[in-house]
Amino acid sequence: MDKKELRKQVKVLKSQYSLEQKVEMSRPLWKELEQTDFFKEARTVLLYWSMDDEVFTHDYVCKWAGEKIVLLPCVKGDVLELRVFKGMESLQLGEAFGILEPVGELYTDYDAIDLIVVPGVAFDRHGNRLGRGRGYYDKILKETRVARKVGICFGFQFVEEVPVDELDVRMDLVIHGI
């Protein structure tokens, strides 16, 4: 199956669940992440502010910001810029995807990032990830060589095989539902 077809297939599966169901399905995934050494040892974490079809992050971004330096991506043109999350009052509507993004100083110390939690359309057991097709995360993942990369997805997004090419970056771990 090619990338386009897999994206279509997962989109259909996502549409079968309400936002409330996805929020509920997200909780055990975050609990599992919190138990990993990757998470426990991390001081600076790149998370994401979830869209309605992704593993829900909002509560966890707020929770962990009290314990760690939490970074969130901001879409600027064709790149992701990083900024520190400093509370709900620091968020404003971003230029792409209709999601909230932090305002403030640009974060550029990529070598200080310990953990990146990465959303995706699909993942496989080899750590391969299928994104939305714009390459935002692949670019930033290549620039953060030290950070552990953890993909997170619902069980129906964890597939036998994700088609990959030379631009794709593998995850160190994928947390997925059943």
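Just so it is clear, glycine is given a Cβ too, placed from its N, Cα and C backbone atoms.
Over in TrEMBL, the protein carries these features:
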{"type": "BINDING", "residues": "LYS3, LYS4, GLU5, LEU6, ARG7, ARG129, LEU130, GLY131, ARG132, GLY133, ARG134, GLY135, TYR136, TYR137", "note": "ATP binding site"}
{"type": "BINDING", "residues": "GLU54", "note": "substrate binding site"}
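Annotation for LYS3 (ATP binding site): same-chain Cβ neighbours under 8 Å, separated by at least 6 residues, are LEU130, GLY133, PRO163.
Listed binding-site residues: GLU5, GLU54. The one with the lowest count of other Cβ atoms within 10 Å of its Cβ is GLU5.
The full span of the recorded ATP binding residues, LYS3, LYS4, GLU5, LEU6, ARG7, ARG129, LEU130, GLY131, ARG132, GLY133, ARG134, GLY135, TYR136, TYR137, taken as their largest Cα to Cα distance, is 20 Å. All protein chains considered, the CB of ARG132 (ATP binding site) has 13 other CB atoms within 10 Å. Least packed by the Cβ count within 10 Å, out of the binding-site residues ARG7, ARG134, is ARG134.
In the three-state DSSP reading, ARG132 (ATP binding site) counts as coil. If you measure from the Cα atom of ARG134 (ATP binding site) to that of GLU54 (substrate binding site), you get 16 Å. In the three-state DSSP scheme, the residue listed as 'substrate binding site' falls into the coil class.
The number of other CB atoms found within 10 A of the CB of LEU130 (ATP binding site), across every protein chain shown, is 22.
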